[in-house]
Amino acid sequence: MGFAGSVIIVIISLGAAVIIKNYFFVPKHLPAPKLDLNTYWGPGSNALYKENTMVKSYDITVKSEVIEDLKAQLLRPLQLHAPLEYVGFEYGFNSYYLENVVKYWRDEYLVNWPKREWLLKKFPHFQTEIQGLNIHFIHVKAQQAAGKTVLPLLLLHGWPGSVREFYEIIPLLTKPNDQNNYVFEVIVPSLPGYGWSQGSFKKDFGGAQAAVIMRNLMLRLGHKKFLIQGGDWGSIIGANMAALFPHNIIGYHSNMCGSMGPTTILKMIAAYFMPSLFYDKEYSKFFKPLPELFSHLMAETGYLHIQATKPDTIGAALTNNPVGLAAYILEKFSTWTNPQYKHLLDGGLTRRYTLDALLDNVMVYYVTNSITTSVRLYAEQFSQSQGQLQLDRVAVTVPTGCVRFQNELMHSTDSQLKERFLNLVHSTYHNHGGHFAAMELPKILYKDFIDFVKKLDI
């Protein structure tokens with residue numbers, strides 16, 4: 001185990017003692033906090049603010065001068081340090097492969113930019129003003145839905161993803177097939193501060209406040225009841241919506257279910273010492289031993305620390321810096337897809353995705369200049385004001401479905417999940433796939449979502 005492992009065990013034991021002590025004195029679940037559903041997050045004072053409730057078609061066309069400037073930047077000498085000998089992505093993005101990515105971006109992707117832009121515009125884009133912010137979303141209505149049950153579905157992305165993650169799964173959801181009786185009206189927003197959605201101009205805009213805006217968006221579109229699917233931030237915001245507005249949510253499905261209440265942490269520790277009580281042996285590869293898990297999380301969450309503490313610093317470093325932005329974002333698509341890809345010179349990036357699709361996602365951040373506003377969400381989520389809401393201790397009573405893809409950063413057992421998700425009706429395991437499931441394995445995620453919907457009383 002070594003010294004580090006011994007220290008981790010001591011910390012775990014002390015933490016468990018504190019949790020056990022508090023377990024008997026702290027209520028298991030708390031009532032949902034009362035949030036202002038109309039808080040103004042726009043610039044300046046709201047004294048004269050009157051919300052424009054119009055939903056407008058939105059043109060995401062990129063100005064030609066932006067593309068020309070990007071080409072010019074990518075022509076500059078890179079002057080990168082060579083990677084260490086026999087190193088792939090273990091130290092981050094391999095600089096030799098980064099040179100290849102930049103060359104492809106400049107000489108092929110941008111040469112074909114009209115084609116890529118057409119693809120990004122293939123679905124209808126809209127924008128509306130909510131609580132002082134311009135919120136962008138894709139809205140695709142069900143096609144040829146005769147004889148099918150049509151359900152509204154909110155798809156929520158995370159970081160460093162975007163609406164681009166869902167481009168492969170949207171057609172599966174909106175076009176009927178012979179395998180099931182469901183077809184969906186799909187709404188895919190850019191989260192506030194991401195892509196074409198404005199970020200908050202004021203402090204204290206975290207996952208709870210994003211949940212309010214997403215719910216207000218669905219009400220704006222006429223959907224008083226709807227389904228949610230999401231991962232990463234989409235998982236957190238979706239769970240918040242289910243906790244805060246259960247009367248609006250038909251069901252919540254996530255590919256990154258989790259809960260961090262005191263009893264769930266206790267069960268995570270207990271599962272380390274008595275795994276057979278918490279999951280079948282066939283699923284053991286989904287649950288790393290705690291020392292290994294913590295080591296893995298330490299290696300993969302350095303970004304989280306800086307974004308949760310100094311988001312504007314990393315934002316400044318990456319703004320108008322296309323090479324740095326691509327390296328920072330695409331590195332996550334390597335190790336978060338499969339941690340073993342870090343041993344490959346190319347990070348395994350094109351084993352599960354195309355470079356075109358990956359660069360589409362980078363372009364969303366670049367052309368909207370949204371990297372700083374996107375990472376600020378981390379600082380707000382870990383703020384004192386957000387913590388005081390204690391949303392992790394608000395029970396989710398709506399039907400919940402959780403799908404686990406093996407290479408996700410971490411997983412929770414059903415026993416842990418049921419501490420918060422009291423109506424867990426669907427729980428599955430898949431031996432492949434990672435963090436960006438909608439983009440990597442759209443057909444598998446679609447089937448899992450349909451299997452969840454079939455279990456609902458609709």
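Here the Cβ of each residue, glycine as well, is placed from N, Cα and C on the backbone.
TrEMBL lists 6-26 with the feature transmembrane segment. As annotated by TrEMBL, domain 'Epoxide hydrolase N-terminal' applies to 56-166. For Asp232, the entry in TrEMBL reads active site, nucleophile. Annotation source TrEMBL lists active site, proton donor at Tyr378. The annotation active site, proton acceptor is assigned in TrEMBL to His435.
Note: the Cα of His435 (active site, proton acceptor) and the Cα of Tyr378 (active site, proton donor) are spaced 18 Å from each other. Between the CA atoms of the residue listed as 'active site, proton donor' and Asp232 (active site, nucleophile) there is a gap of 12 Å.
The Cβ neighbour count for Tyr378 (active site, proton donor), using a 10 Å radius and every protein chain shown, is 22. Per-residue pLDDT, averaged over the domain 'Epoxide hydrolase N-terminal' (56-166), rounds to 97.
Sorting the domain 'Epoxide hydrolase N-terminal' (56-166) by DSSP state (H, G, I as helix; E, B as strand; all else coil) yields 39 helix, 24 strand, 48 coil. Close to the residue listed as 'active site, nucleophile' in the fold, though at least 6 residues off in sequence, lie His157, Gly158, Trp159, Gly161, Met256, His435, each with a CB less than 8 Å from its CB.
Counting every protein chain shown, the Cβ of His435 (active site, proton acceptor) has 24 other Cβ atoms within 10 Å.
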